[in-house]
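Working notes for the structure below.
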Amino acid sequence: MKTAGGTDAAKRRAGERAAEEVEDGDVVALGTGSTTAYAIEAIGEAVGDGLEVQGIPTSFQSRQLALEVGIPLTDLDAVETVDLAIDGADQVVDDADSPAHGALVKGGGAAHAREKLVDAAAERFVVVADPTKLADALERSVPIEVLPDAHSVVADRLSELGGDPTLRDAERKDGPVVTDNGNLVLDCEFGRIDNPDALAARLSRLPGVVEHGLFVDLADATYVGLEDGVEVREY
Ligand SMILES: O=C(CO)[C@H](O)[C@H](O)COP(=O)(O)O
């Protein structure tokens, strides 16, 4: 399994704790990444023990894993309610005094467009993270999914906004990463983002941007996995 920093034990604790929230009959959004994978595996085990749930995957990766562990799948347009979303993050604002408390950068796995759609639709959105993801403010580069034809125009607009965009390269393929939606990803450095809400609004207004990885006012809680337990932040 691909991991993106943090210890596996901490990620496992966070994922397994979040999976305990799933109740019989729930529709659950299944996020993407190495931490959420532990939640998906735990939900799969519970399904094996008789729990009845339906999962909505947010990526090819989470769909494959859900199928592997036996979680019945459905689609966003086939359900009336999404009860719970469980998803990882690349960075989480952990300063309770900050107006951005609980804001996230997501998209390390380039799945943030579907993740935002499904996480935002859920009655409750729980982030699963290890302590390396916590920060006083968002400073990670922001993944921005763009239509292929738009990448150079959007890159110019991002530079005008003070950003430093880089087209994300694929690791075992020549050329760029292509998302599950057939688009490209610009990773844009903005330095310290003190007002993610304002930046999110500006990014959303750029023609050619499909979705960006700033998740503001969406998470209801973060479960922080530690070596020996889980800390819960409710927002
Ligand atoms: O946003 C994501 C994918 O688009 C992931 O949730 C995020 O990158 C965290 O991944 P991990 O749990 O492997 O650190």
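Note: Cβ is positioned from N, Cα and C throughout, glycine not excepted.
Among the candidates Lys133, Lys173, the one that TrEMBL lists alongside Thr32, Gly33, Ser34, Thr35, Asp87, Gly88, Ala89, Asp90, Lys106, Gly107, Gly108, Gly109 as binding substrate is Lys133. A straight line from the CA of Ala89 (substrate binding site) to the CA of Glu115 (active site, proton acceptor) spans 10 Å. In the structure as shown, the Cβ atom of Thr32 (substrate binding site) sits within 10 Å of 28 other Cβ atoms. When the Cα atoms are compared, Glu115 (active site, proton acceptor) and Thr32 (substrate binding site) turn out to be 8 Å apart. Local packing around the binding-site residues Lys106, Lys133 was summarised as the count of other Cβ atoms within 10 Å of each Cβ; on this measure the leading residue is Lys106. Taking Cβ-Cβ distances under 8 Å and a sequence separation of 6 or more, the neighbours of Asp87 (substrate binding site) in its chain are Ala29, Gly31, Thr32, Gly33, Thr36, Thr58, Lys106, Glu115, Asp119, Phe125, Val126, Val127, Val128.
Pairwise Cα distances among Thr32, Gly33, Ser34, Thr35, Asp87, Gly88, Ala89, Asp90, Lys106, Gly107, Gly108, Gly109, Lys133, which the record gives as the binders of substrate, peak at 15 Å.
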